[in-house]
Amino acid sequence: MRYLIYLVISTLLVYGLPYSTAQDDFFDEELLLKPLASGHVYAYFQFTTLWEAPNNVQTFQHSHLFPRGLGEIIGRHKVDELHISLTEGLWNYEKWGYPVHDAGSGAEIFAWFNKNVSNVNNEWKSLTNALAGLFCASLNFVDSSNSMSPEFSFRPTGIVKEPPNSSYLRYSSLPREIVCTENLTPFKKLLPCDSKRGLATLLNSAYIHNTNYHSLGIHFRSVCRNAGCTKSSLELRQTVSLVYDTLTEATQDWSIRKLFGIGIKGACPLASLSNVYIDMTSNETVHVYQLTPSPNTKVTSFRGGQQQQLAVYDIRTYSNRGMFNIAAIYTTPKTSSVTYPSVLYANRYIIGYGQERGSLVTKLHNNHWQSLDVILLENIPWYLPVYLHTVKVICNGQQIKPLIQRYMPGRERTRPYYLELVLRLPPHSVTKFSIELDYLFLKWQEYPPDANHGFYMGPAVITALLPIARNYTALPLDGSTITSSFNASRNGYLVQLRTESLLISLPTPDFSMPYNVVCLACTAVALAFGPLHNITTKRLVLKNVTRNWKKKLLSFVKRLTKDTKDKTD
Amino acid sequence: MGLLTDPRTGNGKIIKFVLQWEKWLCFFMYIGGIIWTMLLALPVFNDSTYFSENALLPGLVMKECSLEASAKQFHNELIEEMKRYPDKMPYPWLLAKFNQLYLDVYMHNFTLNYPFREQQFTGQNVYGIVRAPRGASTEAIIVSVPYRPISSVNLNTAPSIALLLAFAKCCRKQKYWAKDIIFLVTEHEQLGMQAWLEAYHGVTSGQDGILMSGDLSGRSGSIQAAINLELHGMKIASVDVKVEGLNGQLPNLDLVNLAQDMITKEGIRRTFQRRPDVNVKNKVSKWWYQFNTLISMIVTQATGVPTGNHGLFHRFGIEAITLEGFERSGRGPEVSFYQVGRVVESIVRSLNNLLERFHQSFFFYLLPSTDRYISIGLYMPPLVLIIGGLFIKAFASWIRLQDTGIKVEENENPDTKISQLKQNKVEEFDIASIASEILWSHIIGVSIMSSPKLFTSIGSQLWDLPTEDSIYYGFIVTTVLTMFWPFYLRRPRKSDNVALVCVVASIEVATTLLCVAMHNFSLALLTAIIYVPTALAISPKREINSKFRGLLHVFWILLHPFVVASILVMGYTRLNFPGEPLMSILIKGIQATKHAFVFSVIDSMIYGNWFYNVTVAILLPNWILFWNVINSKIAFDS
């Protein structure tokens with residue numbers, strides 16, 4: 001008996017040890033809660049998996065904390081970097097500041113492929129199809145007709161060996177996509193603790209989809225493992241951004257239970273970090289509230305000229321007393337104010353009326369005292385042909401010349417219109433970019449169901465490096481967890497604003513009974529036209545046929561045989 | 001398909017028939033058309049309304065807002081504020097209220113450069129947006145109220161602003177909105193609304209540089225529908241649904257039905273053209289009642305002037321109606337804002353349900369009562385009958401002018417004799433002179449159309465006249481000049497040429513009327529009823545029927561567009577002030593005519609109303625052509 005036990009232990013030691021040393025991956029779960037000045041509460045979940053392994057197919061054959069399904073797709077399609085977001089609602093940059101991850105409404109996906117991918121378009125198509133299956137989203141509608149390779153807007157955020165070549169980048173957005181529980185469930189299944197333990201238990205679809213804005217995100221990249229960056233690790237960030245409206249309720253008080261319908265049960269046992277942060281910066285300036293229970297620690301972070309107060313709750317120390325709840329009790333009446341509007345924000349809209357032509361306008365607001373350089377990426381679907389000569393960039397009544405301009409005209413059904421401008425926005429200014437476009441009349445099979453609903457145009461992307469970090473929450477490029485954003489002063493703060501997606505009424509045939517009648521009538525007219533044309537253009541002339549005796553004989557024989565044939569019949 | 005293409009089947013017969021019975025045919029078609037139009041109000045000739053758009057789900061939602069208490073509170077505060085600003089909009093109060101309700105609040109400034117004088121008017125609109133929690137601001141619904149200060153001559157709308165605020169408060173709390181709701185309070189009646197819409201869509205509908213609509217600081221997505229509220233009291237006895245928009249455009253019938261249905265559902269008396277439905281057994285009196293409602297709608301629509309702020313939305317493809325609530329006059333039941341609020345709520349909830357923009361149901365219809373409609377397929381044939389006479393007349397005269405070889409049978413009809421006479425003449429038309437005549441008359445029309453600015457500047461500089469006087473006198477002068485035009489080219493012309501002008505003029509007026517009917521049926525119908533009989537009677541001067549010529553002259557002068565307009569306005573004044581002495585009505589009528597002229601010109605400049613342009617640039621030249629035909633001297637060379 002004892003011998004047997006030794007045997008088991010020794011085999012465990014022999015076979016188990018290599019595995020345990022191979023499991024060099026870490027999982028962190030974090031939740032950031034930030035009461036916004038506008039009276040909303042921003043909740044940001046981040047589940048980070050760091051895996052000290054190189055990015056190749058062999059790596060993804062065995063996985064521990066890293067989701068296997070996603071890993072296989074990434075390995076098979078040789079993806080260097082992948083960003084997916086599924087969003088419902090619109091982030092209000094003017095009032096809410098900047099989110100940790102920007103996302104346009106609907107589905108948005110962009111990926112950098114490895115340099116040794118020979119046919120990027122094919123890989124892209126099959127990658128999006130695979131992801132569509134994984135997330136139950138309509139990503140399979142992504143193809144070359146709605147994808148582009150912007151040159152400046154998207155740069156690799158992870159480590160790169162050589163200067164990036166944008167031909168390995170694909171970006172696409174599906175603004176019509178509706179995000180729902182069916183996307184949240186597969187998202188939760190990618191987490192190591194699923195939604196059984198840890199912060200993921202808070203992701204209840206009934207509460208999450210009852211918010212003013214919700215966005216699921218998947219962000220995969222390679223990061224440096226050490227300071228010298230001699231080795232690389234894989235980083236996967238799964239994020240959920242939510243904005244709750246506390247002004248509609250009787251009191252402005254909020255708590256974990258009120259926001260998510262359930263308290264925090266405990267940390268995920270696999271997680272090395274399991275924290276809740278509450279941004280208290282606005283406390284006692286805009287709002288006045290008390291947190292119960294009081295936090296473990298309070299952190300003061302200086303970043304980009306801004307001071308930030310954060311309450312940190314380590315779940316493991318609280319959850320040993322069972323389920324626990326963090327509540328903010330307001331002592332002042334409800335307030336909604338925008339003390340400091342965001343440094344940079346944008347609006348986009350269509351002007352003109354009718355179903356023939358219109359004009360696309362993007363308004364860029366610069367509230368900073370310095371001029372700002374921004375990259376404006378206009379993603380215009382092929383059914384809205386634009387006229388490049390009508391591009392106008394006007395600020396304070398004066399035309400602004402773009403510093404750099406990239407344009408690739410679209411092609412019907414194969415390629416969208418790509419326009420990327422680098423603009424210098426004067427200080428304290430509103431700059432208006434406008435371009436005229438036509439509304440194309442599509443083939444009748446190309447109209448979606450509910451054809452009269454209209455067509456969507458995906459958001460424009462405005463990229464800028466902000467000089468100050470006011471209302472800024474995003475993590476620094478070199479950081480992986482929310483903790484890395486504390487005291488992370490850098491030279492610039494990258495934002496990638498997404499504007500509104502637009503609903504456009506293209507000329508739509510009347511898909512109804514009278515339409516069918518018109519089609520039928522047209523067919524009848526077309527049939528009648530044939531004989532009419534014949535009679536008017538041709539004349540029947542009696543022709544005298546002179547036949548020689550051979551032909552006469554032949555016809556006589558023919559007639560004879562025909563007569564006998566008829567008779568026999 | 002041989003049936004369609006056999007060239008010999010009875011063409012000649014039809015032509016012969018038309019030539020023989022032309023007068024009677026035209027006469028009966030005209031009479032038949034009018035009778036048919038009148039019969040449209042009979043239940044046999046129209047249908048009861050129904051919902052085409054299933055997604056509206058009318059009245060199926062749980063209504064959660066109880067607006068009476070909060071509306072009352074807002075109303076009391078607003079009345080106090082209005083007293084402080086007797087002729088201005090209380091912006092600070094409105095802004096504060098919207099802000100307290102946590103809406104996204106914006107102001108909109110606009111300027112009107114008065115076209116006839118160096119004068120500027122400014123105005124401000126206030127609007128708040130409830131951002132849809134279930135959407136990304138891609139679509140929007142508008143709830144609007146025109147603000148009317150105490151000094152305004154129109155009925156007050158303070159209760160509707162109170163309801164708007166109360167409804168905004170209720171909406172802000174709900175999570176189910178898929179479309180943004182824009183709460184808009186406009187100033188200066190239709191001007192403010194027009195400016196706001198132009199700013200939202202970044203266009204100018206009228207002439208450039210007159211209405212400076214500026215830019216909006218806050219926007220939402222594409223606007224799907226709009227409800228304009230004009231409630232005149234905190235207790236409402238009946239709600240009138242107003243539909244007629246600019247240039248006679250109408251909202252989708254589904255929206256009208258939705259409003260009418262919801263009003264009935266809450267037990268409020270619904271009206272159309274301020275006429276409630278009556279339940280009479282007598283079929284004739286019922287027909288007469290509905291016919292009057294129908295005529296009331298036709299007359300309103302024909303002017304092309306919107307009956308409320310909703311009318312300005314239609315140009316932008318936005319379906320909109322006005323709900324006008326009247327206080328009790330005399331006896332009858334009345335309801336509180338609890339019920340009215342539920343009406344507004346259920347309409348907006350239904351609009352929120354919409355998946356597609358309104359595209360089903362009808363955009364062209366006439367309403368003889370609140371629950372019956374006449375579709376375009378039913379009302380067009382009578383109008384075509386009325387107008388068709390002109391085509392037949394033109395066709396017959398054209399055939400007679402041709403040397404067609406069709407033998408017209410000998411009978412006592414004098415026309416045929418002449419047509420046979422004509423066949424003997426083998427002469428060419430004087431195309432150049434005819435074309436120049438047509439061209440010149442139209443050039444005159446267009447120049448008169450663009451002359452009001454000139455009139456006012458001359459009038460104000462030389463005689464210091466006010467705008468309306470200068471325009472009025474300017475039009476009188478042009479009227480007299482156009483009447484005398486034939487007399488300064490009194491050179492005898494050949495009968496054929498005059499007849500050809502008559503043919504061209506008939507076809508022009510008929511085509512114009514049919515085109516107008518496509519946009520504004522009512523205008524085409526009324527114009528056709530007035531013009532067609534006289535136009536049918538006009539033919540080149542002949543010695544045979546010269547005794548009727550005098551009468552024709554008088555009739556045609558009465559049908560000069562400016563004269564018709566003056567007579568109509570006079571009649572309207574007589575209706576509005578019954579029992580006044582004739583002299584005072586005449587003076588009032590002239591004053592009203594002056595104003596009507598100025599308004600139609602200004603409407604065309606600000607709103608892009610084409611009533612004035614079509615009348616002066618097409619109908620007037622046509623009138624001149626016919627007038628030339630009546631007065632032309634014929635050179636008979638027998």
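Even glycines carry a Cβ here, placed using N, Cα and C.
Automatic, uncurated: that is what TrEMBL annotation is.
Listed in TrEMBL for this protein:
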TRANSMEM  B:24-45  transmembrane segment
TRANSMEM  B:373-392  transmembrane segment
TRANSMEM  B:429-450  transmembrane segment
TRANSMEM  B:470-489  transmembrane segment
TRANSMEM  B:498-517  transmembrane segment
TRANSMEM  B:523-539  transmembrane segment
TRANSMEM  B:551-573  transmembrane segment
TRANSMEM  B:610-630  transmembrane segment
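Contact between the transmembrane segment (B:470-489) and the transmembrane segment (B:24-45) is absent: fewer than three CB pairs lie under 8 Å, with pairs separated by 6 or more positions in sequence. The recorded stretches the transmembrane segment (B:373-392) and the transmembrane segment (B:551-573) do not share 3+ CB pairs below 8 A when only pairs 6 or more apart in sequence are counted, and are therefore not in contact. Listed as Cβ neighbours of the transmembrane segment (B:610-630) (distance under 8 Å, sequence separation of 6 or more from its ends, same chain) are residues 247, 303-305, 437-438, 441-442, 444-446, 448-449, 482-483, 485-486, 498, 501-502, 504-505, 508-509, 512, 516, 523, 527, 535, 538-541, 549, 552-553, 556, 559-561, 565, 600-601, 603-604. Simply put, out of B:429-450, B:498-517, B:523-539, B:551-573, B:523-539 has the most Cβ pairs sitting under 8 Å from the transmembrane segment (B:24-45). Long-range Cβ contacts of the transmembrane segment (B:523-539) within its own chain (Cβ-Cβ under 8 Å, at least 6 residues beyond either end) map to 26-27, 30, 34, 37, 248, 298-299, 301-304, 383, 386-387, 389-390, 393, 397, 499, 502, 505-506, 509, 513-514, 516-517, 545, 548, 552, 555-556, 559, 564, 611, 619, 626, 629-630. Within the same chain, residues 380, 383-384, 387-388, 390-391, 393-394, 397-398, 400-401, 429, 434, 437-438, 523-525, 527-528, 531, 535, 538-541, 614, 618-619, 622, 625-626, 628-629, 632, 634 sit at least 6 positions outside the transmembrane segment (B:498-517) and bring their C-beta atoms closer than 8 Å to a C-beta of that stretch.
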